[in-house]
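*Asks:* Let me begin by handing over the structure; questions about it come next.
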Amino acid sequence: LTGVLDDCLCDIESIDDFNTFKIFPKIQKLQERDYFRYYKVNLKRPCPFWADDGHCSIKDCHVEPCPESKIPVGIKAGSSNKYSKVANNSKELEDCEQANKLGAVNSTLSNQSKEAFIDWARYDDSQDHFCELDDERSPDAQYVDLLLNPERYTGYKGPSAWRVWNSIYEENCFKPRSVYRPLNPLAPSRGGDDGESFYTWLEGLCLEKRVFYKLISGLHASINLHLCANYLLEETWGKPRWGPNVKEFTRRFDPIETKGEGPRRLKNLYFLYLIELRALSKVAPYFERSVVDLYTGNGHEDAESKALLLDIFRDTKSFHMHFDEKSMFAGDKKGAKSLKEEFRLHFKNISRIMDCVGCDKCRLWGKLQTQGLGTALKILFSEKEIQSLPENSPSKGFQLTRQEIVALVNAFGRLSTSIRELQNFKVLLQQTR
């Protein structure tokens, strides 16, 4: 892979160098810190689109939830928006109770009305979300230690996995049913087309819809890369050995074996990396405020985590070939608004499809990476709100929950790892020739 990417002015070599020398080592460190390693997720939500075909019984599909005693006190203590110690300050709570007594208008409301207000607030909050978020208060939602449940090859494949990806591409990528994706295992035989009609169709789309397809394809490529790089190579005496599988990588990405499709998918991975990199550079002002703390209850660790995060933001801002999202949704106001809403709803649907993944470990990482990308899109479409944030008080206009922050950083960490693994496969391929 070399040269300039489509739909932006950035070349692959620049991203490789930037990721290898600046981003990858730092984001690896950040993901190991307590604030970012514990993710709360509901893996028991039923699939909303088809009857569940049973969960994967392969042992590598299993996710080990974290016992409550292991979760840092500042993380499990409170609401999803609590990322600062201000929210945990008892003086603040006393003031709050005092204020409630003085202005106790709500005491006249019935419980039903209160619940309605909460629902309205939740509905308003969800209007800028690109993802269906798990309800963290659900008894089925559990904390997972991401470091103890790494994303890797589990053996989950075949019709169940195809159905998930097929549903994502066929029903949510603005695609007519008459146009078939190249290498789609569920498509009828098309003779000698080799996907050319698909790419002719794609070129005819507006930039926004083309970008949407590339983001999904890039995410798919990234997930496939993780599976090839962390593959179960052998199991002797009950001890598994994980590592890169060159044969599997070749099967999924080699230009000859995939009729030219593999390199296109890898280019979409780079495109997705650029989109999430852009979001990180845009959201920096939100975290630069003193009111945001990445609170776990350990003051020293929290300060170090924030310093490392801000250091990564400085690097993202220094990158000189960012994707320019201003070219998106730039038509007439009414058309742009309805297209953006369509974009948001399509992506929200994809986040719901993640509840149909039959393997728990794949479901965990699918949900996290989808939520990370959804958060990146939310950031890119909230630039004005981020720029007008108050310095010393929690923001009303633009908010990120702790879940969104954890998903954003870990999803970008996965992309950074994919691009790093791609370098490793290049070396391994040269050695096998």
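Just so you know, the numbers here start at 1 and follow the chain as drawn.
Any Cβ shown, glycine's included, is placed from N, Cα and C.
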*Asks:* For CYS362, which disulfide partner does TrEMBL record out of CYS356, CYS359?
*Replies:* CYS359
*Asks:* Compute the C-alpha separation of THR154 (FAD binding site) from CYS61 (disulfide bond), stating it in Å without decimals.
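*Replies:* The separation of the Cα atoms works out to 6 Å.
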*Asks:* HIS220 (FAD binding site) to CYS362 (disulfide bond): how many Å between their Cα atoms?
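*Replies:* Distance between the two Cα atoms comes out at 12 Å.
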*Asks:* Compare all C-alpha positions of ARG152, THR154, TRP165, SER217, HIS220, ARG252, the record's FAD binders, and send over the largest distance in angstrom.
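*Replies:* About 21 Å separates the two most distant Cα atoms.
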*Asks:* Identify, among the binding-site residues THR154, SER217, the residue whose Cβ has the fewest other Cβ atoms within 10 Å in this structure.
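*Replies:* Relative to the other binding-site residues in THR154, SER217, THR154 has the fewest Cβ atoms within 10 Å.
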*Asks:* If you count Cβ atoms within 10 Å of the Cβ of CYS61 (disulfide bond), leaving out that atom itself, what do you get?
*Replies:* 19
